[in-house]
Amino acid sequence: MDKFQSKFTRFGFISICFGSIALVLLISHCSTSFFDYSFQKFKFSFPEETELRRNVYTSSSGEENRVVVDSRHVSQQILTVRSTNSTLQSKPEKLNRRNLVEQGLAKARASILEASSNVNTTLFKSDLPNSEIYRNPSALYRSYLEMEKRFKVYVYEEGEPPLVHDGPCKSVYAVEGRFITEMEKRRTKFRTYDPNQAYVYFLPFSVTWLVRYLYEGNSDAKPLKTFVSDYIRLVSTNHPFWNRTNGADHFMLTCHDWGPLTSQANRDLFNTSIRVMCNANSSEGFNPTKDVTLPEIKLYGGEVDHKLRLSKTLSASPRPYLGFFAGGVHGPVRPILLKHWKQRDLDMPVYEYLPKHLNYYDFMRSSKFCFCPSGYEVASPRVIEAIYSECIPVILSVNFVLPFTDVLRWETFSVLVDVSEIPRLKEILMSISNEKYEWLKSNLRYVRRHFELNDPPQRFDAFHLTLHSIWLRRLNLKLT
């Protein structure tokens with residue numbers, strides 16, 4: 001019995017040993033499989049140390065300074081990016097989405113170039129009924145369709161109203177606030193909340209509100225520049241997109257006269273980014289190959305003046321005056337106009353200050369031509385008001401890049417007069433035949449919709465043509 005128990009004990013001990021070894025191997029295999037799966041599932045693309053050392057901008061003094069991230073703070077930077085940047089995605093997914101954007105741009109370019117040589121007007125006749133006012137209506141139509149199909153804008157969410165995500169929707173700078181509002185209301189199909197699907201990135205600060213809330217009388221633009229510089233530093237720290245292109249696929253939008261000055265807060269914003277501005281003065285750094293002219297549209301209570309609204313009586317209004325102007329004497333051009341024509345000719349009433357008993361818009365509706373001289377700045381709502389009143393705009397300006405010149409032929413609905421020719425202004429206008437005048441006026445009626453702000457926006461209106469101008473800059477394509 002003792003001998004049998006001894007054999008059984010040895011057999012049991014050996015069995016336990018083999019069983020333990022098998023169990024350990026099984027657990028090891030399962031654990032390895034689990035961790036392999038875990039690493040595959042949670043594999044992230046962290047920023048390289050060299051990437052974190054890229055230059056960023058700060059502006060504690062209101063000017064641009066370059067700061068290099070110290071290696072001791074690399075870990076902290078990674079943690080910050082991981083915890084605050086919702087745009088961090090797995091590396092393959094990032095690459096695929098960015099590739100899709102670039103592939104979309106390439107396909108759009110090819111499609112537009114193919115359409116540019118197409119002379120078949122039936123394709124776009126219903127949307128662009130008057131082909132004469134466009135540089136290349138076929139290319140414009142195809143480009144617009146490609147924009148509707150592909151174009152996506154990412155709006156940075158950093159910042160608080162009213163300086164960011166808000167803007168004026170009334171008065172002379174209304175177009176600035178209306179654009180910001182349309183992008184922020186989430187009504188437009190062009191906004192995306194996935195930055196990796198975006199074609200461009202919008203910096204939604206309002207220069208008009210910066211001037212209103214930060215500017216102090218008899219000072220300078222330093223507080224505005226400081227804010228803009230700090231804002232760009234914030235978004236470039238929270239997201240990788242600004243540093244990826246030095247801001248080339250980013251845009252700001254403003255109608256305030258200080259827009260160009262404020263954009264100097266950051267070198268890349270001024271030189272590389274798309275600046276959408278009413279004050280499009282080429283002598284002040286406006287570059288039409290990358291920047292966009294924003295039409296200056298004055299709104300009263302959110303609408304244009306009732307006398308400028310489209311109506312049958314507007315088109316039938318008699319036009320007893322050859323030309324008209326009323327405005328203050330400032331800037332280099334207006335003094336020349338007033339010197340030669342102020343109260344000189346009854347056919348061309350020119351006032352420095354319009355008498356109170358007379359109505360400005362009544363004069364516009366009663367004149368064949370409306371003089372649009374630049375003031376301190378090149379832009380003026382007078383150009384758009386002339387279009388609304390069907391009064392042929394006479395552009396008297398130096399270095400002013402007119403709105404939507406990439407698609408519109410301004411010579412088909414306005415008269416461009418060199419400043420040196422102002423003394424001959426009446427002679428020039430009198431030389432325009434009645435047939436040509438009626439042609440110009442007819443074209444004004446067709447082009448009007450491109451300068452209207454609608455609520456909600458309508459196809460081919462000012463909001464959408466502004467987006468289209470940005471789209472063209474992203475395509476790096478010129479429609480001719």
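Along the chain as shown, residues are numbered 1 onward.
Heads up, the Cβ atoms here are built off N, Cα and C, so glycines get one too.
Sequence annotations record features per position, and here Swiss-Prot assigns topological domain 'Cytoplasmic' to 1-10 based on sequence analysis.
Taken from Swiss-Prot, the feature transmembrane segment covers 11-31.
Within the model, the topological domain 'Lumenal' (32-480) carries an average pLDDT of 86. According to Swiss-Prot, the topological domain 'Lumenal' annotation covers 32-480.
As annotated by Swiss-Prot, N-linked glycosylation site applies to Asn85 (among others).
The N-linked glycosylation site annotation in Swiss-Prot covers Asn120 (among others) and is backed by sequence analysis. Around Asn120 (N-linked glycosylation site), the same-chain residues six or more apart in sequence whose CB sits under 8 Å from its CB are Ser138, listed in sequence order.
Under the heading N-linked glycosylation site, Swiss-Prot lists Asn243 (among others). DSSP assigns Asn243 (N-linked glycosylation site) to a helix in the three-state reduction.
According to Swiss-Prot, the feature N-linked glycosylation site maps to Asn271 (among others). The 10 Å shell around the Cβ of Asn271 (N-linked glycosylation site) contains 16 further Cβ atoms across the protein chains shown.
Cβ neighbours within 10 Å of Asn281 (N-linked glycosylation site), excluding its own Cβ and spanning all shown chains: 20. Residues annotated as N-linked glycosylation site in Swiss-Prot: Asn281 (among others).
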Point to revise | Rounded Cα-Cα span from Asn243 (N-linked glycosylation site) to Asn281 (N-linked glycosylation site), Å | key: 28
